[in-house]
Each structure stands twice: as structure tokens, then as C-alpha cells.
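Asker: Found this in TrEMBL, in case it helps:
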- 204: active site, proton acceptor (ACT_SITE)
- 203, 207, 226: Zn(2+) binding site (BINDING)
- 1-96: domain 'Aminopeptidase N-like N-terminal' (DOMAIN)
- 131-347: domain 'Peptidase M1 membrane alanine aminopeptidase' (DOMAIN)
- 425-742: domain 'ERAP1-like C-terminal' (DOMAIN)
- 288: site 'Transition state stabilizer' (SITE)
């Protein structure tokens, strides 16, 4: 069958990516077929269940490297062209077929079973591929044992691509990555970037089994691929780098999912897909993060060993074919004898999750479930909930499968003395393994606050109680004052993961209080600074010899937070370091980890009449050879209160200075103070944006600008603007973000009507 197609510029199908070699612009040819883009390259039944064997032949310029899923069978040269034939592949889905053609160099390694693993980069960057290679080889070894199934192909190649729409793509045997999610350089990369590379590589390689060898039957079951790979990547990284405490950091994923899933506009994990244009929208926090979180909940309920044995059986049973969610439950049920299908169906077939109301009565805790929605309304959902409770020294954990609306937990005297001043406390959902919120009555809440202040809670439980109260406060089921009071109990906290959650909550509080109670906003900022200042001062700006990976990540987190809260001393120090850095780019004063905080500090003082700091940052963006540093700068160019500067930054999106794939990074920096300017800019440029960007990329414009608002009037205005402009690619995203605006408006109204708020400051 003869056919031809275009090497397009849309980062999907068979497309071209541009790069520089010896000062000349060159083109690379790359494929991105997930979800429904193989059909743009060759005629095919482009659905996951139609697996076929592929035998590809390419004709390409002789000097270029041409890669595909399988090793080369033979190559013949005819002058400037060569013909490359690849070995036939095992049965696989069309969305996993891949081709990459360009100029590359590589580093390589071997697994214990002798599989060759290579990392391909642009010429001159192969050194930056060594860390990913190391994680890749270790991951293949680990998964082979975990699934008790060998890696199915003769080789694995991983390639860094300059233009790439997603973060990475798990093509069978030829995994492609956005450069910044893949390359790592000891001298110029940050600790958080190292961690990101490890998790991304482990995620894509988990797919070689979960997704590629056993493939979902239809896109409704996408979560099987993504939820599983997300969960597995944490399992792998925890085994390679235990000191990173990656399971504690995993709670970031769970809270992201809990936030999205408490919206009316959320969707079930298993979502009906009727049209090709709907698929891309479900690559979201429900498929990835809720998916991974309910798997963690199930594994914790069944026990690690039983779970792993069942997973190995599942892999063997469905290898080289397709499976749906029910098939996985059936295997797990058969292997463990537990009611897996009934339990899990309540989590995957309906959207949302419960809040568990806990009240103490005598020696019992009465628990009751109700669907939790951030807008304060009540939903009708019912779940089978694996409840865990811990107390005292965590030795006495209790488990209960809550199948009804109400039940009770018996707590004896082992949870401490309930008399005033006793050491009593009990915590539900130990270590956040369950996908639900808990609302405690006053006595239980006071006991937990005391347990927090007397350092009796695990890191994960410290995160759980603040995240729950924060959500309950937004939903107006708990007061804003009680949230501030709880937060104050975290002053002196020194752990990275806990403080990263505290930081998210404080950022949100600073934003809402500026709209809700402008008169108190300054005092509230001072309270938030008090919570974060002592750990920040302990760490200081300068790295210390031999400090832990987590402390290296904590430093920029705290400095950035203090700059954003307007802490004068931190801002001045950031500007001072930046001025030295612009004169001497090799100074040790500003290592990669703390640059963002310094850049942000500079942007606090920038205006149209005082733009030297802005111009200096633009210069770094243009001249730096380091991908990560360029993106750091790009992410803060719009973080300014000055109208002119914000517009100048946003317009860079349409220049050739910013790759389309990076536009969202610039959008992420917009501050609430600049929301009106940004919204007007979005309206004026909507035609151009819709033409230039596709699918998920358009959704990013909505996602970064719409939720900056906190009034119902604005929600109505935005809704009217999009009434005639919505497309299926971003319809769901728009709904969710408009709902967030209305929720913020309701929260602000609740805060305004709260009596005696001024007294809680510093309580």
C-alpha cells in the first residue's frame, strides 16, 4: 500500500524536532504515537487491542543514527542514503511503535541478564545521560524480579529529544524523553532534578511490563498503565535511594489527586471514552496519582508479599495480550482470597472519595462516611474503605473494612490517658495509605494537635492532618482559624516532605487572605513567615558539606517561599547573590539549587522603569547552555506585579525564543496580582493560541490563568467567554478550573464571616 505523510511540527504523529549542531540548525525526526497518532504516520487499526508484529525499514541520510523498537537486522549503503531494516517485533500496540532519526552519541550498560541498554543524547551531552543509564539498568533488573518475568526485548534504548510534548514516552524498547526530564549533570543540575530523572526513568521502564507486555484493552483502562507505573516507579526509586524517603514524598501525588477528585467536575478512574479527541484529557492526576494511590491502598491492605505474587501471576497470564481492570482484580482475588473486586470497584467506577467523620464515645470511636466535595455540597457516593488507626507509639494499629455508612472502632486504654493533660491520641488513616479524608471531633482534634507539638506523629501523619484540615477549611467544614492554629504547631519542623506540604498550604492561605481579609493579609503573612523562618535560617543560603539530599531540596523550597511571602531579609540576600552571579557566572555563591529563589527575589523589585534585573535574567535565558537553568529563568519571568513586564514575558510565548513545549512553564509564574492583565492577554490572543497549540498545551493556558481568580462574577465572565470557544481537548480542564474559582469565592466568603479571626493570629 503506497501512502505519504508530512513530517509535522505538532509534536505528535511523525514530527520534526529542531536542534543545533556545529552552529547550524538541524532537524531530527521523531514519533509520538500515544494516544491516537500512529494513524498520522501509516494506515493502521490504531487501537490498543489490535496488537501486531511490526517489521520496519527506513531509508535515511547515511550519516544519521536511525533507531526503532528492535535492533537493526541489516543496513545497506547507497551513496548519501542508507537503508536500515529492523528485526521483527513481538506483538505490540500501534501507540508503542517508535522511530527516531538524528545525530546522536551514546553511553551504554548491561543488565544482569545481558540486555544492552543505551542512552542517546545530542552530540556533546552523553555525559549527562550516565545517571539515567544507571537508573535504567537497575530498574530493568528490579522489575524482572518483581514481575518474575524477563524484560521482553533484545535491547533498550532511551533518547533525549529537544522538542517533546509530554515528559517521556514508554515506546517498546525505544523510550523517548524531554531533555530536562532525562539529562543530569552533577555541576549544573539541582537535587530535585536528579530525583525527577530517577522517578521518570523508573516510571517509563515499569511500562515495559505494565503497559507494553500487558496492555490495557481500551483507553477506559488507561489508569492501569499510568497508575501502576507511577506506583512502581516509587517502589523502584525507594529501593535504589532509600535516603530520599520517596514514599513520604509520594503523598504529594495523593494530595494532588484528592484535590482534583473533590470537584464535581472530576471523573472516575475508569472513564468512558467514545471519541479519539477525548483520550488526551484523561492523562491527568486521576489516572496517574489517584490510580497510584488506590494501588498503594490495596497493596497496604493485602500486604506487600501477597500483592507481589499476584502481580507476577497477572503478568504471566496476560503477556503479549490485553487486559482490563476486572482481569487484574480477578487475579488478585484468586491469589489472595480477599474481596478485591467489590472493594476496588467502589474506587475505580465512581468519582470522588469519602470523608470519615470520627467522634469519640466512651471507649469507642464512631465513624461515619460521606462523600467529600470541596464546594461544601453532599454527594451520594459510598465506598468500601480500608480504615487503619494508630495511637501512642504506633505499635497498636487496628484495621477495619468499613462497608456501611457507619461503624465503630474499639479503642482501649492503650491509646493513652484521656484525662485532661493525658498523653492520649488516636490517628485514623495511618501514614496516609487510604484515599480519604478524616474529620475529627474537638476532643480527638485537640489530642492530635498535642501529639504534633510533642513530636509523637510520623512524617506521613503530620502531612495527613494538615492536608485534611486544609481541605475541610476550604469546604467550610472547619474554621480558617483552626487551620492557622494547627499550622502554628509546625514551627520548628525540619523535614522536607512535611514542609513542602506546609508550603503549599501557606501559599494558598496567603493568596486567599489577600482577597478575603485584605486588612489581615499582612498579619497572616507574618504568621506564615514565622512558621518557615527557623528551618530556613538553620539551612541558610550556602550548601553544607555532607548534608542530605532532602536538605539540599528543602533549602530552595523555604527560600522561595519566604521571597514569595515578602520576607525582606531573604529578598535582599537573593538580590545580593544575584548581582555577584551576573558578574561572575562561576561563583559558588549561587549553586543550581538556590538560583530560583534569587531570580524570584530580583523579580520582586522589577518594573518597567527599573528593568535591569529583568534584562539580566533574559540574558541568562538566552546565553545559558543548561536546559534546566533556562527553564528556571523562564518560570519566573512572568512573576512580577508590573503590567508591562508581565505582558512582555507572556508575549515571548509567540516568539522563537520559547519552544512550544515550554510555554506552560512561563504561564506557571503568573502571580495573583497580575491575573487581570493575564486574563485580558489570554482573551486578546485566544485565536493565535488555538492555532499555535494543540490539545493538552491549550489546556495549560486555562489551567494556569483561570484559577488565579476568587469571585463568582469572574467565573461567570470566563464561562461566557469560553461558551463559544470550548473544544473537547480542554473542556474538562475548563470545567474543573471554573469550579475551583467558585470554591475559592465561597471559601473567601466563609473567612470574611468568621468571628474573631484577628485574635487567632500567632495563637
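Note: Cβ is positioned from N, Cα and C throughout, glycine not excepted.
Whatever TrEMBL says is automated annotation, not expert-curated.
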Asker: What are the DSSP helix, strand and coil residue counts for the domain 'Aminopeptidase N-like N-terminal' (1-96)?
Answerer: 6 helix, 43 strand, 47 coil
Asker: Which residue, out of the recorded positions 204, 226, shows the minimum number of other Cβ atoms inside 10 Å of its Cβ in this structure?
Answerer: 226
Asker: What is the interatomic distance between the Cα atoms of residue 203 (Zn(2+) binding site) and residue 288 (site 'Transition state stabilizer'), given in whole Å?
Answerer: 11
Asker: Using a Cβ cut-off under 8 Å and a sequence separation of 6 or more, which residues in the same chain sit near residue 288 (site 'Transition state stabilizer')?
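Answerer: In sequence order, 223, 226, 227, 230, 253, 257 meet the Cβ cut-off.
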Asker: Taking only same-chain residues 6+ apart in sequence, whose CB is under 8 Å from that of residue 207 (Zn(2+) binding site), what do you get?
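Answerer: Same-chain residues close to residue 207 (Zn(2+) binding site) (Cβ under 8 Å, separated by 6 or more) are 170, 225, 229.
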Asker: List the residues in the vicinity of the Zn(2+) site, defined as same-chain residues other than 203, 207, 226 with C-beta within 8 angstroms of the site's C-beta centre.
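Answerer: Counting only non-site residues, the set is 170, 204, 206, 210, 211, 225, 228, 229, 230, 232, 233, 288.
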Asker: When you measure from the Cβ of residue 203 (Zn(2+) binding site), how many other Cβ atoms are you left with inside 10 Å?
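Answerer: The answer is 27.
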